[in-house]
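The structure appears right after this line, and notes come after that.
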Amino acid sequence: METYTTDDALTAMGFGKFQALVLVYAGTGWLADSMELMLLSFVGPLVRQQWNVSAQHESLLSSAVFTGMLIGACSWGYISDKYGRRTALLFSIILTTGAGFLSALSPNYISLIVFRFLVGIGVGGTHVFSSWFLEFVPAKNRGTWMIVFSVFWTIGTILEASLAWVVLSRLSWRWLLAFTALPCFLLLLLFVIAPESPRYLCVQNRISDATLVLERMAKTNKVALPPGVLTYHKETQLVDHNPLTSQNGHLPVRDNDCAPDNAMSSKSGGIAALRKLFSRKLLRSTLLIWFVWFANSFAYYGLVLLSSQLSDANRRCTSGQKSEGQQKNANLYKDVFITSLAEFPGLVISAIIVDWFGRKATMWILLFGCCAFLGPLAVHQKESLTTALLFGARACGMGSSTVLCLYAPEVYPTSARSTGVGIATAIGKIGGIVCPIIAVGLLRSCHQMEAVVVFELVLGLAGVACILFPVETKGREMK
């Protein structure tokens, strides 16, 4: 009997119209995530002014969002691996949309913090979009398509800055909150057409459902599936009780095959996924991915903050004068545009080399490149040179983060993919929380060299960690 795997089917179909639609849907989720994060740059000062909130209490708004994202990143990954990608996506979208609109109606600051905390939990599930998307993409050029997917993040940052520029000059911050929730509302309306991942369905032994999804893909792409019966690698099973294994290592599966495995995976899939992350085979990869994700998030949010804090610190520390606290909104929008545009070169560079040099080499090259751009900033530089160096560092940082978002889902098997990426994303959020305390604190106390040294140390160690990754996933089938 002829057989074929999910990878065989995806390779035969190529990247067609169906995957393009999945890309747009998942990319919109990524865009919504970046918009919700960029929102904090604009809303905080306005809320502080309207409700006379202290500077210390103003920071609670960002802390609540990041805390929610940390909780959500772990929770939605677990839900995704146990109950399905669509289930995790649906409830995270509902929570983000509902809490987003309700936050626009907040009667006081405490209720606003609560609603934004809930938004953070919902947004914490956006990493499922990347895993879900990659499970529809053939191995060939998977890296390039992940880079294209990441462009949606940059578009979101620019879109949010544009939206703030238009809305806040005419309406209140409440309207900005409502408009920012619209992309998630659009995802909710279109959710009915979002398919379940065929890889996840195979792991759950729902072979007929997986076949239907693949047939739908083939029909949309106007190609034929390989002849034979859909099979899956025995490695993807949580437990393999079937002794009848074919010579090529594949098991032909029917709906009634491996029923005990299916029952067990539905009850303890999340626990089994956690155990797999810390198995001897994946432990080293897991720990290194956690650290690199922490470092990338630390660097990304730090570079955003450095763009606005470094020039201010230069003026205060060199002249001994206090910087003026009042800035025109136009300058804030301009800074966001410039730093966001820096991400495009990083995406282009990573797209060019990720399938050439591989995932590991691309990450450590970009991380060490980021170190090289930041190095001269240990001492005061002219504003134009400072901007150029930060531009280069932001490009390298964005490229490295994007490749990491590709590498991690490729390392983990389908049964533990969302859990693994979710926990790594949560570790990254800790980096985003810690970074402002260290970077901004050192800069405001005129310790610019020390602040840059911290960034250099974190990024340098992350580059070494990338070299130590045990596997290269370029061109490898997703397990």
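Placed from the backbone N, Cα and C atoms, the Cβ positions cover glycine too.
Here TrEMBL flags 22-474 as domain 'Major facilitator superfamily (MFS) profile'.
Per TrEMBL, transmembrane segment is recorded for 20-40 (among others).
Taken from TrEMBL, the feature transmembrane segment applies to 60-79 (among others).
Using a Cβ-Cβ cut-off under 8 Å and counting only residues 6 or more beyond its ends in the same chain, the transmembrane segment (88-107) has close neighbours at 29, 32, 36, 72, 76-77, 79-80, 115-116, 118-119, 121-126, 128-129, 132, 174-175, 177-178, 180-181, 184-185, 187-188, 191, 194, 418. Positions annotated as transmembrane segment by TrEMBL: 88-107 (among others).
TrEMBL lists 113-134 (among others) with the feature transmembrane segment.
Marked as transmembrane segment by TrEMBL: 146-167 (among others).
TrEMBL lists 173-194 (among others) with the feature transmembrane segment.
What TrEMBL records for 282-303 (among others) is transmembrane segment.
Positions annotated as transmembrane segment by TrEMBL: 336-354 (among others).
Annotation source TrEMBL lists transmembrane segment at 361-379 (among others).
Positions annotated as transmembrane segment by TrEMBL: 385-408 (among others).
According to TrEMBL, the transmembrane segment annotation covers 420-443 (among others).
The transmembrane segment feature in TrEMBL is assigned to 449-471 (among others).
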CB contact flag for the transmembrane segment (173-194) and the transmembrane segment (361-379), at least three pairs under 8 A: no
Close approaches to the transmembrane segment (385-408) from elsewhere in its chain (Cβ under 8 angstroms; 6 or more beyond its ends): 127, 130, 134, 142-143, 146-147, 150, 154, 289, 292-293, 296-297, 299-300, 303-304, 306-307, 310-311, 314, 338-339, 342-347, 349-350, 354, 359-360, 362-363, 366-367, 369-370, 373-374, 376-377, 420-421, 424, 469, 473
Per Cβ pairs under 8 Å, the stretch of 20-40, 60-79, 113-134, 282-303 packing most closely against the transmembrane segment (449-471): 282-303
Residues of the parent chain within Cβ reach of the transmembrane segment (113-134), under 8 Å, 6 or more residues beyond its termini: 22-23, 26-27, 29-30, 32-33, 36-37, 60-61, 64-77, 80, 85, 88-89, 91-100, 102-103, 106, 142, 146, 149, 184, 197, 405-406, 409-410, 417-418, 421-422, 425-426, 429, 478
